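Annotation source TrEMBL lists domain 'Response regulatory' at 9-122. Under the heading domain 'PAS', TrEMBL lists 260-330. If you look up TrEMBL, you'll see 333-386 marked as domain 'PAC'. For Asp59, the entry in TrEMBL reads 4-aspartylphosphate.
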Amino acid sequence: MKKPSSKKSILIVEDENIVVQDIKETLKKFGYEIAGYTSSGKEAVEICKKEKPDLVLMDIKLPGDFDGIQAAEAIGDSSPVIFLTAYTDDDMVKRAKKARPYGYLSKPFNERELYAAIETAFYRRDVEGKLRESEIRFRDLFDHMYNGVAVYEAVDDGADFIFKDINKAGEKICRIKKEEVTGRIVSEAFPGIEKMGLLALFKRVWKTGQPESLPPTFYEDKRITQWMDNHVFKLPSGEIVAVFQDVSEYKEKETALRESEARYEFILSKMKEIVLILSKTGNIIFANRSALTMSGYDEKESIGESITKFLSKDSVKAALAALAQEFLGRHHSEFEVKIESKSGETKILQIYEGSDLIRKNGKIVGILITGRDITREKKVEENLIDRNRELERFNELTIGRETKMIELKNRIKELEGQVAGFKDNR
């Protein structure tokens, strides 16, 4: 028979000297250390307080008004107890169970039985100790988790659920105390749970055993209003666990961002200037209303398309070169490109000097380009140029005719003078 690997101390509480001596010899034989022996239950309690033995062999029937069961109850969890008894009546067994002993030995017993009972008690003690340590670690983790965690037990065949446990984060998120909800029906503690769809999710998870998540959902009752995110799964015990967090702040920021984006897009839609956002590959990410109006294409026809699709062939090279310079951090000067509209009309887009690079997580992902449609101005300018040319030609013609008239008049006068002179000579 294998002896214990290390000495453990055992206290003997027995009123029969012969039994005490037999036990002492057996314990020494198997390498155990004797922490002491006594026939008094009260003295046994005191010895346990001072010596803290690894195990107590406790006779149930002891002299006096303090028997072995009372002594074991007083010792509690400080040392495991094995009861030694020659009596096994039902009343005694019921009393003994309340003391939570680690085993029973019916007198008389042999060495093998004693050794087996002792080693079984030590093994159980070790397992329970590890279990307690695990529970402590679990409780520490449970109570210090950032997310709220609640454990529920199904009632009425999964029709509803009662609170079994909730961690500190859960108390804070739900603005409750653990003692206020433990044992309560969840639909009573949180009357808005059915409306938000979480109770139905609990029922599904309990029935199927498959984990499910409820995306950010608004919860409301007379006590609290908040956005909650839930992930629910089922334990082997049949209990269900909800891991949740308050995402109200996130949802408020998300709403504020959407409103800000809506205002931004509204402002952009009212701007006369052209606003385009292009990716690093030159694809259109955003085009405001003025840009769409100029091209004649709608948003679906424009977003995701290459900017080159909308440029005339003689403008592509200059436009791409300017974009490349911008991505390299070299601002371009103001320039013009030709846009081929959906109707087939060629329009002129004036790109303003410089563009803004768009970054995400520190990396350049796109570029913001602004400009204006100067097609009408260009046409007016061309018309003015044509008119000026016509005026110049007219002026040239007019001035030339006047010069010839003057020369003709002068020639006529000269001829008249010659004629007059000729007459006089006659």
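Positions of Cβ are set from backbone N, Cα and C atoms, glycine also.
Keep in mind the model is a prediction, meaning the values are calculated, not measured.
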Key: Tertiary neighbours of Asp59 (4-aspartylphosphate) (same chain, Cβ under 8 Å, six or more apart)   = Val13, Glu14, Asp15, Glu16, Val19, Gly68, Phe83, Leu84, Thr85
Inquiry  = Taking DSSP as the reference, which of helix, strand or coil describes Asp59 (4-aspartylphosphate)?
reply    = strand
Inquiry  = Based on DSSP, tally up the residues of the domain 'PAS' (260-330) by helix, strand and coil.
reply    = 41 helix, 13 strand, 17 coil
